[in-house]
Amino acid sequence: MRLPESQVAVLNAASATDERTIAQLAEATDLKPETVTGAVFDLRDDGLVTVTETVEEDVELTDEGVEYADDGLPEIRLYRAAMDVGGGDAVQMGQVIGASSLGGPQVDIALSNFARKGYGHIDSGELVPDADANPDADEEAAALSALVAGETVDTDVLDQLESRNLVVRHERTIRAVTLTDEGVTALMEGVEAAETVDRLTPEMLTSGEWEDVEFTEYNVEADAPEVRGGKKHILRQTADRVKDVLVGMGFSEMEGPHADADFWINDCLFMPQDHPARTHWDRFALDVPPMEDIPEDLIDRVRSSHLNGVGDDGDGYHSPWSEDFARAVALRGHTTSLSMRYLSGHEVGELEPPQRYFSVEKVYRNDTLDPTHLLEFYQIEGWVMAEDLSVRDLMGTFEEFYSHFGITDIQFKPHYNPYTEPSFELFGRHPETNELIEIGNSGMFREEVLRPLGVECDVMAWGLALERLLMLMYGFDDIRDVHGTLCDLDLLRETEVLR
Ligand code: PHE
């Protein structure tokens, strides 16, 4: 006969003449009691063993029970004190209690049991002990001592002790196993352990073999492959958080084309058409038709700004300005193209101050790849339009913004942009290398930018690098750790951006 291994072991350890308990079988087979119990039930179902069950009661003294077993029951202490003090006569309550050295709730316990058990009665503030009472014959006291000695105790007294919370009772089922005749025969004919399998196959199900095999037990401590679900990239998570923060600061989000006319990317920004950056700079030109949808009057005002500047004493670049050049389409090198679209009124209509706008979007530059430069990255673009803005408003805005990310050490360096005056570069301290790294560029848009757009008040603006913010937050120092084929998978997996 073939049986699962645990059943074979239990069968061999069982006996036809003596009962064996589960605990004894577990000890003999070196199996866990629950495994033995399972095997015993299966063997019983196959008629190889019989099982007799008896329920035993365990009685355990509570802390209070232990205390009374040591010091005596409160009512007995009270009785003895009364007898000592009054020799059997009525005694003043206060006096007895003092003499009994009972304290706190024990006094109430003593008094209520005193009368119940016939140790005496209470009469107008006096305790009257019954001289015939015999505390040495107290059943409850005797039961407590018997329990301490491990002896059994009459059920009635146990009930009483349980109602006084001096004992707790647990029931326990003891299973005793004996071999049946069939079990003995099986053993004589020989039982072999069936092989254990760790996988149920379709073949086992169809052949019925599954009924005879033993399945290996679960090992919940075994190493298991780590399963990782998909998750949002930390750049995206951080971008989402940046958006939350800016929306919280009262900004609205801008959106617009990744491939845009040079007009919006450069001309509106008073970038001269012969600026090196516009000819052989890091620009991704696209072989697509020129952009048609640009307001004619805006083109005229921008052209005029480039040629002659703005205002009576304005001055321009005095170099040719080509409309074809302006309509040519390229991948945007910054998202300031979006700011131009919105400030011009082309996107959401004329804007009245005050206004605040932002975007967290990709930009594209034909740079050389290195630890801090990629061909594409995310820019946190933003601007505030209001009367009488100052550089202090600009700096205060950055301090507030970066503080949401735990970055408090922001430094400003004067800078030059053709479109802002004054201009500032922003620097933050890298948490690992301790170096100051550039994290953004900013300034107040100059008149040559704002007047053609039709904006009469001040506008402060900036472009911050999302990847640099990430570097300050998570301490990596190579942008390629989060982008592309060389990315640091552990960093990407383990970093959680708190929102
Ligand atoms: N466009 C600038 C850059 O890409 C950032 C900037 C935006 C600076 C607006 C000033 C004003 O670096």
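The backbone N, Cα and C atoms fix where each Cβ goes, glycine too.
Residues or ranges marked as domain 'Aminoacyl-transfer RNA synthetases class-II family profile' by TrEMBL: 242-494.
The annotation L-phenylalanine binding site is assigned in TrEMBL to Thr336, Gln379, Ile380, Glu381, Tyr419, Phe445. Under a cutoff of 8 A between CB atoms, and with a sequence separation of 6+ in the same chain, the neighbours of Tyr419 (L-phenylalanine binding site) are Leu269, Phe270, Met271, Thr336, Gly443, Phe445, Arg446, Glu448, Val449.
Under 8 Å, Cβ to Cβ, and six or more positions away along its own chain, Glu421 (Mg(2+) binding site) finds Gly443, Met444, Arg446. DSSP assigns Glu421 (Mg(2+) binding site) to a strand segment in the three-state reduction. The Mg(2+) binding site annotation in TrEMBL covers Glu421.
Fewest Cβ neighbours within 10 Å among the binding-site residues Thr336, Gln379: that distinction goes to Gln379. Summary for the binding-site residues Ile380, Glu381: the Cβ-based neighbour count within 10 Å is maximal at Ile380. Mean pLDDT of the predicted structure over the domain 'Aminoacyl-transfer RNA synthetases class-II family profile' (242-494): 93. Checking the binding-site residues Thr336, Ile380, Phe445 against ligand 1, the ones with a C-beta less than 6 Å from an atom of that molecule are Thr336. A strand conformation is recorded for Ile380 (L-phenylalanine binding site) in the three-state DSSP classification.
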